[in-house]
């Protein structure tokens, strides 16, 4: 375990040394642990998230990957019994520091959930919700612009441009999930967290969302939890493997899928468990 | 034979049938053929066959004989009574009935040589603790004696018939016992019918409510025109002394309806914001410790009977507001002790826990994903509540408010004690107004003379109230159900 | 691991903060929170004020002022013609108040011939002394001719004065006790014969026009009868109906109709049930007016929906696995329900029943309509005799003008609330204890 994390860190260090613009560390977790009441769900996770890359978190059910993801924008705060230890930084600032405001943090680190959860409002209002609460668009025309570009970035605009005032809940599952992505983009976050965004979608809708993730990488840093090996291989540049609350291995996706260091990773990827 | 005795005997017969049946069934089990049902099911089947038909007959016989007795007494009342106003005829019948009941308390020898006049009879009855109305007439005595005799005969015949049926049922049930007989299925089918019967009581109750009030209301509308009830603006029923002939009162619903709605409105203005905010706070903010204390306290508030609220309004809050207004206005109080404001305020407080528990259910039914979606975008808790949760819960909350409003409209004790009895039409919340429920209570307490419009109007008011709340309830329940289905 | 600084990472520079109106939004957040706390406080403060107002008015009702007097059961007064052996009615209508008055006159040291002073004694002792002394004689006729100490009830006004509820500084003409009576009161208080004792009469007396001799005895019995009737009828019928609807009913018109009816009946104003009782049970079926039996029937119909809704929830909470397990072993559906589901649902059913009973116990309006606002002085021996109920008794006392009745009324409310709270707390505790997560 220790060896693994050290390896991971070594690679992080080497990335840092190389200093290419693509290798900027956007978020960093240091010895992150999570307790739900008495029960510890995550143990000493050290993991870096690089800017403008897609980092995939994989592992069998209950391995702690979603728990870790929810730490990155402090969604665990909403669970009464949850407690987070260790340190997580965003642009070198500790996000659990008392000077950091959770509302502001979540405006910078947006989230897309497992099941599409559009609000029971119109499509327009769904996208406009974030900018509106944060006061990001002062005028109606600004807001129209934000909504339109967000929907465009999410690849949904052409499908819904004639029915922006219809309820978001009336869209198909895949469209709803892209609406939720548009809703997250509209706040112009720096990082987007995605918690199994395709698990409730059919293969065609999944493919559409995966394409979208790849496009979004140009402008955003993305962390995605996924159950599907193929999806991790298709969309991510870095992959982190979790097991039983521990980070098993982390590295470039190509390497992880061809030549993993840890036997558990290999077993999982080849489908022996999970 | 008294009802109780017959009842007990039927059960004895049933118990005997049960034991014989169980024993017989057990004896049949010779180990060669597997019995279909266990022995006690045979026993129960025999028990049910013995008791159920007999008890059914007993019930029918009792009701039938009391109806027969009534018409028997009515038929024997002298002609001059029969011709006069219907009220005094029913009065005479009821006097005769209480006289007959009273005679049953006399010693046998006294009952055998009764005096012919009521003046002689009255002290005898009084000595046995029977108080009778002084306008009982002499001619009623023989009728009462005859009625008692008829009743005894009917009871005897009925008792014998019922017991015979019980024995027959038991014998029939016992004769059916065989190894492969499906006693368990029979028993279970009967139980199922019993269960179904129990659940139809709800329908019967509703039918009972509607029919009983409908009959009396039709009776009322034969005396008072439909239009002048529903659109009349004056309520002045003029309680006339019994038998004083036609006393034309005015029965206008409008002032009562206006009072009912006005007080309910004031109550809702208090209850909805306070109850809703309490529910929101409890569901979204309160720490588990606070919740552990406040929730039971709110339940306690909901458990206090409305009469206590009413008395608080009458004894404490009403006088306090009156004195306060007197102090403010320098002498003359502009708030009456019984006022719309007092009644509405207290009723509003009474409804706080109603609103808050209904909306608590509704708010917690909003899926967590909705909350997370908003929080994940960086909304504060209150923004999430105001802009996502409450709009999402809106239909459910509207339903809850409607249900609460229906409670406010039907609430009785608070308004009886705090709102006043004067049927005013006013907009001033500091004055007294009265409500439909207050008038129902007013018209039906004290000495009743049925069949007078003054009494019957209560049923017309009742049916108005029933349909008013029925519509609100059904609409509200429909909305709430649709709302829940949406998130299931 | 230690050689890597976790504090800084190359290239990651904090971006300039966007203005997202945090200050304003947190102010709104705080305001919203405060509204919530205010709302809850309104409910709780009102609860506190109401309880305080009732308790402060009512706790004195549990004590009653009595005067301990050596009563001489004088044969000359009770039975001057010595006919009691042949005519027992002599002892019923004897002049008992005279006995009490004589004893009081002797105690206060008033000249027995001073008629003017003696007249001022009027209204010092309760008229209830008549029944009190009659009961003593009836219980033990040999007391006649002897002297015995009896605690005679003081009249209501004296009781109020003794408890300090009457402002004695007010002009004599404008208060209900005279100066002379106050002097006597002080005299009797110093020698210890006038004192407050626990008010058993509050629990045992029936209706009376005098506050000091009225109590909730009849109401307690009436309420008890009604609770028993509700329990015996509503629980089995409610459970049976719930079992049918939850376990056997097929989706269909009839089931829908029943469900709509139950849900609606739960929300029908209680007074409508009173109208139903009056017109069906009393007018149509000819059951007696003012009787606890009819009250019990009406309250049963009113309570049924509550019990059914609670029972169905309890039945539905039993997981399907238990059902499959029982059916899989060859139990019939009826056996499964009665042997497996019902025992598991029992705590929930019990909780619902207690809450339903508590509601029925506090219900007033329907009972007014079936004539339970009645002046009943004697205990009903069966549920078919006239009786009142606790909340109705409270209502009747609320309509009395005298302040002593307000005291009794508040005392009665305290008792009713203690009953209700005991029931509700039992229900809450039961729910907590047996709350099972499947």
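Glycine is no exception: its Cβ is also placed from the backbone N, Cα and C atoms.
Unlike curated records, TrEMBL annotations are generated automatically.
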Between the candidate ranges B:340-367, B:424-451, where does TrEMBL place the transmembrane segment annotation?
B:340-367
Scan B:225-250, B:251-276 against TrEMBL and say which stretch is down as transmembrane segment.
B:251-276
Spatial neighbours of the transmembrane segment (B:251-276) far in sequence, C-beta under 8 Å, 6+ residues away:
224, 228-235, 237, 340-341, 343-345, 347-356, 359, 397, 401, 404-405, 408-409, 415, 419, 423-425, 429, 433-439, 453, 457, 460-461, 464
Look at every Cβ pair spanning the transmembrane segment (B:456-480) and the transmembrane segment (B:190-214), keep those 6 or more apart in sequence, and say whether at least 3 of them are under 8 Å.
yes
Long-range environment of the transmembrane segment (B:156-175) - Cβ separation under 8 angstroms, sequence gap at least 6
1, 5-6, 9-10, 13-14, 16-17, 20-21, 24, 45-55, 57-58, 61-62, 65
Let me spell it out: take the transmembrane segment (B:340-367), skip the flanking residues so only those 6+ beyond its ends count, and list any with a Cβ under 8 Å from a Cβ in it.
259, 262-272, 274-276, 278-280, 282-284, 298-299, 301-302, 304, 306, 309-310, 312-313, 317-318, 321, 389, 392-393, 396-397, 399-401, 403-404, 407-408, 411, 414-415, 418-419, 428-433, 480, 483-484, 487
